[in-house]
Every structure is written in C-alpha cells, then in structure tokens.
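Quick look at what Swiss-Prot annotates:
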type     : residues : note
TOPO_DOM : 1-43     : topological domain 'Cytoplasmic'
TOPO_DOM : 65-103   : topological domain 'Periplasmic'
TOPO_DOM : 125-139  : topological domain 'Cytoplasmic'
TOPO_DOM : 161-179  : topological domain 'Periplasmic'
TOPO_DOM : 201-209  : topological domain 'Cytoplasmic'
TOPO_DOM : 231-243  : topological domain 'Periplasmic'
TOPO_DOM : 265-290  : topological domain 'Cytoplasmic'
TRANSMEM : 44-64    : transmembrane segment
TRANSMEM : 104-124  : transmembrane segment
TRANSMEM : 140-160  : transmembrane segment
TRANSMEM : 180-200  : transmembrane segment
TRANSMEM : 210-230  : transmembrane segment
TRANSMEM : 244-264  : transmembrane segment
Amino acid sequence: MLKTVHQKAGRHTRPVRAWLKLLWQRIDEDNMTTLAGNLAYVSLLSLVPLIAVVFALFAAFPMFSDVSIQLRHFIFANFMPATGDVIQRYIEQFVANSNKMTAVGACGLIVTALLLMYAIDSALNTIWRSKRTRPKVYSFAVYWMILTLGPLLAGVSLAISSYLLSLRWASDLNTVIDNVLHILPLLLSWISFWLLYSIVPTTRVPNRDALVGAFVAALLFEAGKKGFALYITMFPSYQLIYGVLAVIPILFVWVYWTWCIVLLGAEITVTLGEYRKLKQAAEQEEADQP
C-alpha cells in the first residue's frame, strides 16, 4: 500500500505528503463523516441522560456541590460556543424533570448514557480495525469508569482553577495564573482525547501516537469553537430562518463538527503507526532485493 502511495505522490515525494495521502485514504475507507453523523445522532439522544447521570454523581459528593455549578458554566462556555447559555437553560430544565423519575426511569437514563459509550467504543475500534472484543463485564467497567471518573477529574481541575484564581491578589503571580487559566481548556481537551485514544481501542496504541493525535484534535477543537462562535455571530442565518428553534440545528451542527474532530484525531493516531510499519516493510523489501 505504501509503495502505491509513494508512486502516486511521485518518486521524490516527501514523507509528509505520502502520510497525508495515506491519511486521506483511511478517512475515505472508514467513512469517517458517516461515523461522525451516527455519533452525533446518538449523542443528541444521550445528552440529557448523560448530563443527568454526571450531575447526580456530583450530588452524591457534597464536597463538590460548589464545583458542580462551576463545571456547568465551564462546560457550556467552553464546549458549546455562542449558544451555550440558551442550551444550558433548556438542558437544566430537562435534567430537573429527570430528577422526578422513578427508579426504573433512572435505570433507563443510565442505560441510555452507556449506549453512547458503546457507540464511541464501536466507532473507534472500527477506525483501529480491531476485531478483538472485551468481556462484557470489563466493557461495562470501562464505560462506568469514564462516566464516574471523568466528571470527578473535571471537578478536581476546576477546584484547582478556583484556587489559582484566589491567588490572583499576588501581583507577581497574576500573569502566570492568567496564562495557566487561558490554556486550561486546551490542556483538558488534550488529556481527554489522549485518554480516549489510549483506553477505548481494544488494541495497543503507542503513547506517542495517541499524544500527537490528541494534540491535533485539541487544537482543532479550540479553533473550531472560536470559528463556530464567530460564524454564528457574524452570519446569524439560523436565527433568521428558524427563530426560537435555531438552537436545535446549531446544537446538531456543533455536535457533528465535534465528532468529526474527535474521529480525525483517531485517524491521525492510527495512520502514524500504520505509516511507520509500512515504511519499515518497504525499506526491508528494498534491502532484500539483489
């Protein structure tokens, strides 16, 4: 495959161009945009149950009561640009209604949230082309760990942010703390994507490749937030067409765009390792020729 890629790129093609061709080939073969659409659909169905489960976990720990409020504002300000306030109001109403549900309904919420985890697992292993399967109990443990530890780690990071803000009275630390707080969303995105690419696939993922793919995804995610917010602000066509319902297509487009970025980071991670292996195989083949 690599030999064909090099031939198409030209005899003296640089490795970066050959890798980009391989990346594009994999994106096309994996139908990445279709996978992103499927995940966006499942995410919208699972959004309220997932948030309900997350904040129910915070409610179980009184020490995180203040952090829970900060986490809500942080999520909607940094992960849902432009329309975060409107979406936050609607979702908080839905979550408040879900608190009135019975035990059977609560179990249904948890199952729906876990279905999103399963969809993510399936999509990433499709990209990694891994046919290995985990035991059901182990898969459930991984999904539950993501549901529980993810929000708690986010709560701890916000507690650290609050502590850093409390130190801003010291003029010497002002600039340093501002810089740390400015890059915190990027850092959290990078760590989250790295954990996703490292833990979810059922095959071994080189740590360096996962870090590179996660960093590219984090950069695109941060740039996407700013670009999407700018588009919504400068070209408010959705508001003109849909009126008060504009939040629905805006949310769907943003969720779809987010999953495109997540899956692109996964494709980059996979392609780095695959290109390295194919290059070694091609070099070995040339060395074996008389």
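First residue shown is number 1, and so on along the chain.
Just so it is clear, glycine is given a Cβ too, placed from its N, Cα and C backbone atoms.
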Beyond the flanks of the topological domain 'Cytoplasmic' (201-209) by at least 6 residues, Cβ under 8 Å: 124-125, 128, 130, 132-134, 269-270, 272-273
Helix, strand and coil counts within the topological domain 'Cytoplasmic' (265-290) (DSSP): 24 helix, 0 strand, 2 coil
Helix, strand and coil counts within the topological domain 'Cytoplasmic' (125-139) (DSSP): 8 helix, 0 strand, 7 coil
DSSP-derived helix, strand and coil totals, residue by residue, for the topological domain 'Cytoplasmic' (201-209): 3 helix, 0 strand, 6 coil
